[in-house]
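Database features (TrEMBL):
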REPEAT    102-137  repeat 'PPR'
REPEAT    205-235  repeat 'PPR'
REPEAT    277-307  repeat 'PPR'
REPEAT    308-342  repeat 'PPR'
DOMAIN    540-619  domain 'DYW'
Amino acid sequence: MSTGLLFHPLTLHVPPPTSTPNGPPQPFSTAGNHHRNILSLSETCTSMPQLKQLHAFTLRTTFPDETATLFLYGRILQLSSSFSDVSYASRVFDSIQQENHSSFMWNTLIRACAHDVSRKEDAFLLYRKMLERGMSAPDKHTFPFVLKACAYIFGLSEGKQVHCHVVKHGLSGDVYVNNGLIHLYGSCGCLHLAQKVFNDMPERSLVSWNSMIDALVRVGEYDSALELFRQMQRSFEPDGYTMQSVLSACAGLGSLSLGTWAHAFLLRRCDFDVAMDVLIKNSLIEMYCKCGSLRMGEQVFKGMQKRDLASWNAMILGFATHGRAEEALGCFDRMVRKGENVKPNSVTFVALLIACNHRGIVNKGRQYFDMMVRDYGIEPALEHYGCIIDLVARAGYITEAIDMVMSMPMKPDAVIWRSLLGACCKKGASVELSEEIATRLIETREDNQSSSGAYVLLSRVYASARRWNDVGIVRKLMTEHGIRKEPGCSSIEINGISHDFFAGDTSHPHTKQIYKHLKVIDDKLRSIGYLPDPSQAPLVDSTNDGSKEYSLRLHSERLAIAFGLISLPPQTPIRVFKNLRVCGDCHEVTKLISKVFNTEIIVRDRVRFHHFKDGSCSLFSFRFVRCFFASLVGGGGGVSSQWLLSFISQTLPHVRYAPQVNVLELRLWSLSSFQVSYHQQNVRL
């Protein structure tokens, strides 16, 4: 593409100003005209090559210390910053005598660094240098850019120092400076400080409200964010940035009705440019996927005329968390092919590993982990190690998972140790190994949840080994150390109102009807052969009075599902959101409810979505496979369990289950050959 020329190659050289015996240099007959001509030429600059011509022309034809020339240098500095050439802007700045550096020049360079992702720290360093030299004082234009840079690098300490300077310079009432302070404290998680700045503002702009709403969303105060949004509408019309935060709040609450209202609001009220349109639609994809409506998220994605990397990442992650691994991997393939040619980042590979994890595609997960490092030069972060370790551990490769933990370049966190302990519990690993991992988990001391999770999982290990005395010891230790299991809480939205349930909850106004319907559900499930799994209630006393079975019946998600069945029209999808993982018994019960009551149930637990329909779940069931093939392995034929599990992990994740479940039957002929056939069976997965 041609950059064009500001000057014709044959343009006559303009001589520099000459001195006169009676006074200072006179550049031309009319001294200001030349500078004005250069300034007018700067208005036509559209590229760096043109700007460099203008800069060279200025150097040749003006005196460097003239006030008008310094003004031109400021203009050149501003243009080079606007063209995102911060290096050139820095060289222009350094070429000017230090005593001639004006506040405008400092602000221009600080702003350029604050807008450059790789130079955020330089913005604060420039500000410090500005103070050290003391020739130009910071003003109301300086602080917003410095605060923006501090917010990006999470420089809370530096930001507080800048706040002190703001007060010292008498700018604590400036709306632009206060907006920067709210953004800083919100980004660093200091909600109380952001709230104080917001409350003390004598004047607020739309940006003030947007910054405060965003700060609330960042720390998970979704209800407060939406309440502030309602207050804001009395004074300002929301813009695209407002609605981005609102959509994030809806996603955090899992409120599909509010999210759909926000989508309709956007369609009615807002007209955005292409860049903002992409950001808004990315938020819509994320919101719909997190609220359990993957179909709507996919519809928004397909309707986008322009997509960026965040669009693809949101869609891949949406497919992954809903258990649709094949679609997630296919979306990645489309993203990197020539037509789209979008380069993945670390977030992309986290989403891919989650997809492989939720479907148990072990080898694919290993391939993507290696591809990330080999083909794209992305160094694995803690999140990547957490995903791949959880994947191989859940598939039964406990030793490989432990080897990965030992070879990690960083210290494993509580999530990784909890994944290993959970895998040991489910895969029947030795009690000794489980005890060692539980000890490591407790030693992390990251939060009370990590400790309670360790004790709960360890008690399940003991319960599986029928070491009931050790189960009692674990419960005693939890009591002595004041550790309480995080209570399970499930929420369901009915007519735009969210209803929360805890295990054994009796506080709901419709408790009598809910428990009555629970009895109906229990009777129907038992009539088709359901029996509770008492091992899923390890912390309940093991007696013969049915207390374990009764406690399972009152799990929070069952209460929410029962309330959904009596409150929603027949065959309306029921969406439940739970703060913990769904236990195995509730997973089985929910599948049966979806079949018996002919309704779709969507449950989002701590890590994934489960779509229950016609008695099956969208996520692959390893427990079923182990049970189904146990007799084949134990019945002879010369096939080892390790070989068979390896075959299953590569074959079954690609089998789609229809309402009439396809049960894969293996007729094992020998170690080297086998025949695969499918038989339609009406069985429960």
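Each Cβ is built from the backbone N, Cα and C atoms, and glycine gets one as well.
Counting residue by residue with DSSP, the repeat 'PPR' (205-235) contains 24 helix, 0 strand, 7 coil. Remote same-chain partners of the repeat 'PPR' (205-235), defined as residues 6 or more beyond its termini with a Cβ less than 8 Å from a stretch Cβ, comprise 175, 178-179, 182-183, 185-187, 189, 191, 194-195, 198, 241-242, 245-246, 248-250, 252-253, 258. Here the repeat 'PPR' (308-342) has a mean pLDDT of 91 out of 100. With helix defined as DSSP H, G or I and strand as E or B, the repeat 'PPR' (308-342) counts 25 helix, 0 strand, 10 coil. Counting residues of the repeat 'PPR' (102-137) by DSSP class, helix then strand then coil, yields 30 helix, 0 strand, 6 coil. Across the range of the repeat 'PPR' (277-307), the DSSP-based residue counts are 23 helix, 0 strand, 8 coil.
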